[in-house]
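**Student:** Before we start, here is the structure in question, set down as structure tokens.
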Amino acid sequence: MKHDGKTKTTLLLFPLIGYCLLMSLIASSDSSLEYDYYRESCPQALHVIRSTLRRIYDRNSTVAPAILRLVFHDCFVQGCDASVLLDRTVFMGSEKDTLPNQSLRGFDHIDFIKSELENVCPGVVSCADLLVVAARESVVLAGGPYYPVHTGRKDSDHSYPEISYELPSPLDDLPTTISRFASRGFTEKETVTLLGAHSTGMIHCKFFERRLYKFGGTDKPDPSMDPEFAELLRSVCNNNQTQSHSTSPSASPSASPSSSTSSSSNTGEERSMKMDYEGKGSGFGILYYRGLLQGKGILFVDQQLLAGEETATWVRQYASDVSMFHKDFAQVMMKLSSAKVLTGVSGEVRSNCREASSSLW
């Protein structure tokens, strides 16, 4: 196709316009955050986070979904303040110990990245910024979109274990899911988009095994699940008796990772299924939404997206247009990362992400 000079100029402007829209979205979320906040105090910060995470990922690719899940569990509770990283003390409970967070992983990786930052710029980069930037890099490593991240967040000196129970659960029906996300300012479309993070990671059988057998008080599996896919999941989770059927686990838009590199993990107490069970080449977002249309959603909360008219519409849109999903996912991750943050004199900068610096505990 032949383009004149004006057409070429217009085509070149599209990426620039898209980038500017993304930047303006961040700016409108919290004006106290800045682009390249550490440009003077620690100009190496982003490079240290990116390069260190890449080294970890080259040895263990499960770090990407683990950190993506960590950032969601942090930001959804009380804003992106790194409160999920705090250990329990004699004075304060920990979000880590709550039922929705018991399968979180990646804390040791965050500790290692933080130690590398402290070696270069001690007491400068917050754990909240570290986690948000590392999540963006994890999305990229998993095959998802790059998106700009403003920085300048401060760390909370409190943990909020009681609020952790407001996190979405893998057992939620659609109205409950929509309500939980709406309580944090997310639309139905944005809910569908954020759940697309289930494109990567490992899901432990305890989060979906109820769908495979006596679902809803019947003697049959979940009728919304493809029968052959249900049989595949049963074969993965067969003889897994480590979790009581009375347990009510809670998960989030990023799967709990396992160290297995096969399509499933059948060793030890935590049998699990890879979300990208057709392989990494299936693409971030493609398998997830197409799988839902085929009745192959692993989690009940995911398959329920087809139970509503608006949510089902967006599932179909994303299943047919991965570029649209990547654009929308970038925008909603920026919204998640920028809401209710601590900045300026609010909060602190921890030297150890597990311990609050300016409190009695």
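Any Cβ shown, glycine's included, is placed from N, Cα and C.
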**Student:** In TrEMBL's disulfide listing, CYS121 is paired with one of CYS42, CYS75, CYS80, CYS205. Which one?
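**Tutor:** Recorded disulfide partner of CYS121 in TrEMBL: CYS42.
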**Student:** Find the one among the recorded positions HIS73, CYS75, CYS80, CYS237 whose C-alpha lies closest to that of CYS353 (disulfide bond).
**Tutor:** CYS80
**Student:** Want to know which recorded positions, from CYS121, CYS127, CYS237, ASP276, are within 10 Å of HIS198 (heme b binding site) at Cα; which are they?
**Tutor:** ASP276
**Student:** Counting every protein chain present, what is the number of Cβ atoms, excluding its own, within 10 Å of the Cβ of HIS198 (heme b binding site)?
**Tutor:** 30
**Student:** What is the interatomic distance between the Cα atoms of ARG69 (site 'Transition state stabilizer') and CYS75 (disulfide bond), given in whole Å?
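**Tutor:** Taking the Cα atoms only, ARG69 (site 'Transition state stabilizer') lies 10 Å from CYS75 (disulfide bond).
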**Student:** Looking only at the domain 'Plant heme peroxidase family profile' (32-357), report the model's average pLDDT.
**Tutor:** 89
**Student:** Roughly how many angstrom lie between the C-alpha atoms of HIS73 (active site, proton acceptor) and CYS80 (disulfide bond)?
**Tutor:** 9
